[in-house]
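Participant: Got a structure here, written out as structure tokens. Questions coming.
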């Protein structure tokens, strides 16, 4: 998504996209905290403008609380909740929604300005339109996800929660938006290195691309862990309970359901993906040592390994301590940090245009 036309895209566009990616990262982190504090179902309707004004009087708060009391989360999980406790979870969800609106404006308003000034090349216009469209889609997908947790399920006494499929779609689209914004911004701002196109360099570039895809997939699998509260089923490591492979790994029928709906299998898959990711990053680092690389690129490779080790430590600690909110939120943020460094490395290894 780099600019190949003339005149060149100003650096201001690259800085804007980096700022946008930071805003998306903030929304992802805030969304994770909202999920961990079980606040996401506190606002039971959606209005683009009307809900921007929070309740102010006691009567308005009581009316909002009465609306919440009509839905399954209150009836099954929070039937003894006080108005003060409700205000906390309501403001958590409200903050997430308002931050989402800020993200939308951060994309759309500067995009319109840069377009009007003629600062966007033809390819960049297509890229910016796609990013702005994805922002709007992300907002709609968020409400579609919340709706799944508000539905009455007469035959179920499980804790009300949003669909893990919709949660994964919501997080996945946010990660795509974040990655596309960060990659495009870095591509505009970081000059390409004059690297000789050796066979080893090409292999390293492909290795980096594959590793970044694995980082993305591991982060996405975390949405299923969160959606099913799968971090609470086997709080031991490296074994799951007393076994390497738990007995209930394939308890659901048909077998394919286990991958997305069985908390044991979801946690097992996340462990495997996490282990594969840190193994791939370690191998990438060792392979890169054999190739003469610029200093900035070497820093990116070393940073990737350091963040991966930190992320593994955070994940294991979160599991062993039964998913405390601060640690779990840090682990979720760590997945973004790891994806960011992987994208930085990819930007460093870009080939020179012919």
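Each residue, glycine too, has its Cβ placed from N, Cα and C.
Here the structure is a predicted model, which means the values were calculated and not measured.
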Participant: So which range, 98-115, 242-259, gets flagged transmembrane segment in TrEMBL?
Facilitator: 98-115
Participant: TrEMBL lists transmembrane segment for one of the ranges 60-83, 300-323; which is that range?
Facilitator: 300-323
Participant: Test the contact criterion for the transmembrane segment (300-323) and the transmembrane segment (127-146): 3 or more CB pairs under 8 Å, pairs 6 or more apart in sequence, then answer yes or no.
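Facilitator: They are not in contact.
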Participant: Apart from its near flanks, which chain residues at least 6 from the ends of the transmembrane segment (98-115) lie with a Cβ under 8 angstroms of it?
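Facilitator: Contacts with the transmembrane segment (98-115): 12-13, 16, 19-20, 23-24, 26-27, 30, 52, 125, 128, 131-132, 135-136, 138-139, 142.
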Participant: Any residues 6+ beyond the ends of the transmembrane segment (166-190) with a Cβ under 8 Å from its own?
Facilitator: 1-3, 9, 11, 13-18, 20-21, 24-25, 27-28, 31, 35, 127, 130-131, 134-135, 137-138, 141-142, 144-145, 148, 216, 219-220, 222-224, 226-227, 336, 339-340, 343-344, 346-348, 350
